[in-house]
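Everything below concerns the one structure shown next.
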Amino acid sequence: MVVKAVCVINGDAKGTVFFEQEDNGAPVKVTGEVTGLGKGLHGFHVHEFGDNTNGCMSSGPHFNPHSKEHGAPGDENRHLGDLGNIEASGSGPTAVNITDSKITLVGANSIIGRTVVVHADPDDLGKGGHELSKTTGNAGARIGCGVIGIAKI
């Protein structure tokens, strides 16, 4: 059974991101567009809470139910919410086109109800050697966010 979700991102960065999972255990396709980004890479993560009462800051840390270190999307040792980077050209909207086999839209570790956060800086994928590399990817300020909600199929 196909499950779909949507996230409307607000802040300095704005956009709409769609999530689609064909079946339980299937990869999740993440597509959409984000505007308001400077040229370059920007960290793109799912954070633990669907709470935006204090802007993006109340969304908590990266979604990490297995208590792992921060990493790249293809790493075995990564937070579930680690979706890597999106790349902005500096003009026009930035396309989001990610397929991830670790996140899910169903079950106990579903990302529905959690927050997508777009960061000001590149995610170093846990390999930057900075004190924040293994927790946040040293991706900088939270410049846009939105709660992931169930979408009509």
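Positions of Cβ are set from backbone N, Cα and C atoms, glycine also.
If you look up Swiss-Prot, you'll see HIS45, HIS47, HIS62, HIS119 marked as Cu cation binding site, on the strength of similarity to another entry. The disulfide bond annotation in Swiss-Prot covers CYS56-CYS145 and is backed by similarity to another entry. Swiss-Prot lists HIS62, HIS70, HIS79, ASP82 with the feature Zn(2+) binding site, giving similarity to another entry as the kind of evidence.
Residue pair CYS145 (disulfide bond) / HIS119 (Cu cation binding site) shows a Cα separation of 9 Å.
HIS45 (Cu cation binding site) and ASP82 (Zn(2+) binding site) are 5 Å apart (CA-CA, integer value).
Its Cβ placed at the centre, HIS119 (Cu cation binding site) has 26 other Cβ atoms within 10 Å. CYS56 (disulfide bond) is 9 Å away from HIS47 (Cu cation binding site) when you measure Cα to Cα. In this view, CYS145 (disulfide bond) is surrounded by 24 other Cβ atoms within 10 Å of its Cβ, with every protein chain counted.
Cα proximity to HIS70 (Zn(2+) binding site) (within 10 Å) is found for none of the recorded positions HIS45, CYS56, HIS119. Geometry remark: HIS79 (Zn(2+) binding site) versus HIS62 (Cu cation binding site), CA distance 7 Å. Compute the center of the Cβ atoms of HIS45, HIS47, HIS62, HIS119, which mark the site for Cu cation; besides them, the chain residues with Cβ within 8 Å of that center are GLY43, PHE44, VAL46, SER59, PRO61, PHE63, GLY81, ASP82, VAL117, THR136, ALA139, ARG142. When secondary structure is read from DSSP and collapsed to three states, HIS70 (Zn(2+) binding site) falls in the coil class. Here HIS45 (Cu cation binding site) comes close to HIS62, PHE63, HIS79, GLY81, ASP82, LEU83, VAL116, VAL117, HIS119, ASP123, GLY137, ALA139: these same-chain residues lie at least six apart in sequence, with C-beta atoms under 8 angstroms from its C-beta.
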